[in-house]
Amino acid sequence: MGRLISVSFGLLVVFLSLSGTGAALNCASGWSGYDQHCYKVFDKPKSWADAEKFCKKQTSGGHLVSFHSSEETDFVVKLVSQTLESQILWMGLSKVWNQCDWGWSNGAKLKYKAWAEESYCVYFSSTKKGWRSRACRLLGHFVCKSPA
């Protein structure tokens, strides 16, 4: 009986230590899971377009990160702060060419908003609230997101 309790406790410790690392969501090694998605911070700066292409190559369904709630934003900002110091990070929001609508790089409509100002490609910071825009050609770090 004591051995069964010991083994059960050991399995519980392993499960709890893996929670939040993406293991429970079946994320690839080095990726972190939240709400049915996997996330990874990349610290090699790229232009917005190059970062989006890079994310698409990483996993099936991969794109630059899109935010759909303040809780998801908080999760990603915490993930970034564990990896990088204060940096500009691209996210998947840009002005859809020849349209007046903003859209996420994964095709989702923009519903949740946190604008600080307006322009073409959008970034966020791990230390400043709100979204900001800048020329898409400029380099920035980025976070990729994919379905779990």
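A Cβ is built for glycine as well, from the same backbone N, Cα and C atoms used for every other residue.
Quantities reported herein were computed from a predicted structural model and do not represent experimental measurements.
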Exercise for review: If you have Swiss-Prot open, could you say which of CYS121, CYS144 makes the disulfide with CYS136?
Suggested key: CYS121
**Study point:** Per Swiss-Prot, cysteine bonded by disulfide to CYS144 (from CYS38, CYS55)
**Key:** CYS55
Practice item. Select the closest residue to CYS55 (disulfide bond) from the following disulfide-bonded residues, measuring between CA atoms: CYS27, CYS38, CYS121, CYS136. Key: CYS38
Point to revise | Segment confidence, the domain 'C-type lectin' (34-145), expressed as mean pLDDT | key: 88
